[in-house]
């Protein structure tokens, strides 16, 4: 089934909500990075968070999220755009921690101490940046804290996954719900009560639940309109041309040393694993281009 996201708003205008299923996208990205189960769960949560945040953007805008902790996973790096494209990676894909009850321990894998940094490219001169301390290191709660503290929007986030014993991603998805200004405290109280009473999101997803069904449970009793449905998929923006521009920015001296010591350069994209090879002739051409630009 194609992954997709649904965006809705209460008829009163007081609440907006997003829900998505990201099973195939999480599976595809984790397969590229050959992640072990706990790293799969952590990266999967980041991917779902990215899809939700991307859906809050306007066309042409992008968001980057960096969860950095003091655990063995080290970091989760995610990029997403307004069109439903997501990519990401973790610091160590071979991390596999379990709780005493046998559940995947994402919180301690990332580490209890650390930061979430969000950068939004809104088409302005400089990206908007916000940073908060990790709250639980479970991803959903950390993202909600960021939205409340940095963007001043009362928000609740739910993200879940179901990983099989062999590491297969059986289900993944989530929701994001926000109170729309002017905020009504009674609306927030009602939403929090409703969220606390929800059945486990992982169970709903594993049973084949779709975004519409998530919204039905989340907004039960609240009249709402569905504004949009959009597909979600892995996409990487790396290219040989982009990598060449990076090499161009390094300068003649460093490229000349690279040519002498390494007889070329091999660059691997951290997001998709694609390898780009530049031989001595390529470096000579780039060095000549730099000299030409310098006049």
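Using N, Cα and C of the backbone, Cβ positions are placed for all residues, glycine too.
These figures come from a predicted structure and were not determined experimentally.
Now, the feature entries from Swiss-Prot:
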- 236-238: disulfide bond (DISULFID)
- 269-272: disulfide bond (DISULFID)
Given a separation of at least six residues and a C-beta threshold under 8 Å, show me what packs close to residue 269 (disulfide bond) in the same chain.
236, 238, 243, 276
Measure the Cβ-based neighbour count of residue 236 (disulfide bond), defined as the other Cβ atoms within 10 Å of its Cβ.
18
Can you name the residues of this chain that are 6 or more positions from residue 272 (disulfide bond) yet have a C-beta less than 8 Å from its C-beta?
32, 87, 236, 238
How many other Cβ atoms sit within 10 Å of the Cβ of residue 238 (disulfide bond)?
17
